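*Asks:* Pasting in a structure now, in structure tokens, and then I'll have a few things to ask.
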Amino acid sequence: MIKLFRKIDEFKEYRRSLGQTSIGLVPTMGNLHSGHLSLIEESSKYNEVTIVTIFVNPLQFGPNEDFDKYPRTLEQDLQSIDSLSIEKDILVLAPESASEIYPNGFSTTISISGLTEKLCGSSRPGHFDGVTTVVYQLFNITKPSIAYFGQKDFQQQLIIKKMVRDLELPLQIQTMPIIRDESGLAKSSRNQYLSDSQRTEALELSKKISTIRELLQESSFIDSQISINSILEETLRDERWDYLEVLDSNNLQSISPTTNEAVILGALKVGETRLIDNQVVKIIYAR
Ligand SMILES: Nc1ncnc2c1ncn2[C@@H]1O[C@H](COP(=O)(O)OP(=O)(O)OP(=O)(O)O)[C@@H](O)[C@H]1O
Ligand SMILES: CC(C)(CO)[C@@H](O)C(=O)[O-]
Ligand code: BAL
């Protein structure tokens, strides 16, 4: 059964009636695609009740970003969830206005330091404060046992895990693999801004990341370092690239001899659309 809530107070009352049952949370900004649906399916496999939140959070958008044009497609989203034919309960919380989440006078910011300054944090100042503030608020409202996030937003899921550890929040965080289309493009709501030729151009992102992954897999990190550095340097001369980096997947620090897993992260602007992607790879230090 799918049950839609547009008012937080009504949702909270229903949530109280559920008591201690296992609850999985899937926070989204809507315009659901197969990436989101994979999180919903995973949650409903392991939990009695799944809560999907659909909220385009104004706090995480910068002044010149796409908050106004971000696709809002609630009817279609409900149909997509329905088409999964999940037998367990799915609660969809889609607040009718931002004041449901941030009532008049709300003036708190949750701000995590350390992981938030680089990559998307550096090109989108304040973005992660907006994300952690809304996610904390959503955790508080929904009180899940576990929450599901996509690896596509790699930096985001690390930051959320850090928040949960630091504040000792009583829930688990599960990160789910990136769902891609047949061409290798990571599914993203923003893909729909792309023209056909831009979709082709967007493939540079996953291809470049794959090239670096292959280099890391083929040789030891020491051996591959020179070729990787020259790819990074050459790529970043092209202004469409916001970033392309190889970092320790645990803490987003530079790779060191104790790193056992790396993540290659990239952000590419295709026309007006900024897309992100990443791949995780085990590091080989010597052969
Ligand atoms: N391709 C994907 N595979 C797996 N999870 C995904 C994918 N795309 C998004 N998610 C996850 O779904 C959750 C909600 O993401 P969101 O609603 O921002 O979708 P999105 O498609 O990433 O949108 P955007 O285009 O704004 O980046 C996040 O945890 C995100 O990481
Ligand atoms: C986690 C999230 C739903 C918070 O608004 C958003 O950042 C997203 O969709 O990844
Ligand atoms: N999935 C990340 C949300 C954002 O780009 O604002």
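Every residue, even glycine, has its Cβ placed from backbone N, Cα and C.
What TrEMBL shows for this protein is this:
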type	residues	note
ACT_SITE	His36	active site, proton donor
BINDING	29-36, 150-153, Ile179, 187-190	ATP binding site
BINDING	Gln60	beta-alanine binding site
BINDING	Gln60, Gln156	(R)-pantoate binding site
*Asks:* For Ile179 (ATP binding site) and Gln156 ((R)-pantoate binding site), what Cα-Cα distance in Å is obtained after rounding to a whole number?
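*Replies:* For Ile179 (ATP binding site) versus Gln156 ((R)-pantoate binding site), the Cα atoms are 17 Å apart.
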*Asks:* In sequence order, what residues of the same chain, 6+ apart, have a Cβ less than 8 Å from the Cβ of Gln156 ((R)-pantoate binding site)?
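*Replies:* Looking at Cβ-Cβ distances below 8 Å from Gln156 ((R)-pantoate binding site), excluding near sequence neighbours, one finds Cys120, Phe128, Val131, Phe149.
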*Asks:* With the Cβ under 6 Å from ligand 3 as the test, give me the qualifying entries from the binding-site residues Leu32, Gln60, Gln151, Ile179.
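*Replies:* Gln60, by Cβ distance under 6 Å.
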*Asks:* List the residues of the same chain that sit at least 6 positions away from His36 (active site, proton donor) in sequence and have their Cβ under 8 Å from its Cβ, in sequence order, or write 'none'.
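*Replies:* Residues satisfying the criterion: Val26, Thr28, Val52, Gly150.
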*Asks:* In DSSP terms, helix, strand or coil for His36 (active site, proton donor)?
*Replies:* helix
*Asks:* C-alpha of Ser189 (ATP binding site) to C-alpha of the residue listed as 'beta-alanine binding site': distance in Å?
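*Replies:* A Cα-Cα distance of 16 Å.
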*Asks:* Relative to the Cβ position of Met29 (ATP binding site), how many further Cβ atoms are located within 10 Å?
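*Replies:* Excluding its own Cβ, the number within 10 Å is 18.
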*Asks:* Could you tell me which of the recorded positions Leu32, Gly35, His36, Gln151, Ser189 have their C-beta within a distance under 6 angstroms of some atom of ligand 2?
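*Replies:* Passing the 6 Å Cβ check against ligand 2: none.
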*Asks:* Round to the nearest Å and give the CA-to-CA distance linking Gln151 (ATP binding site) with the residue listed as 'beta-alanine binding site'.
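*Replies:* About 18 Å separate the Cα atoms of these two residues.
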*Asks:* If you check the binding-site residues Leu32, Ile179, Ser189 one by one, which have a CB less than 6 Å away from any atom of ligand 1?
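*Replies:* The binding-site residues passing the 6 Å Cβ test are Ile179, Ser189.
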*Asks:* Given the binding-site residues Leu32, Ile179, which one is most crowded in terms of C-beta atoms within 10 angstroms?
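*Replies:* Neighbour-count leader: Leu32.
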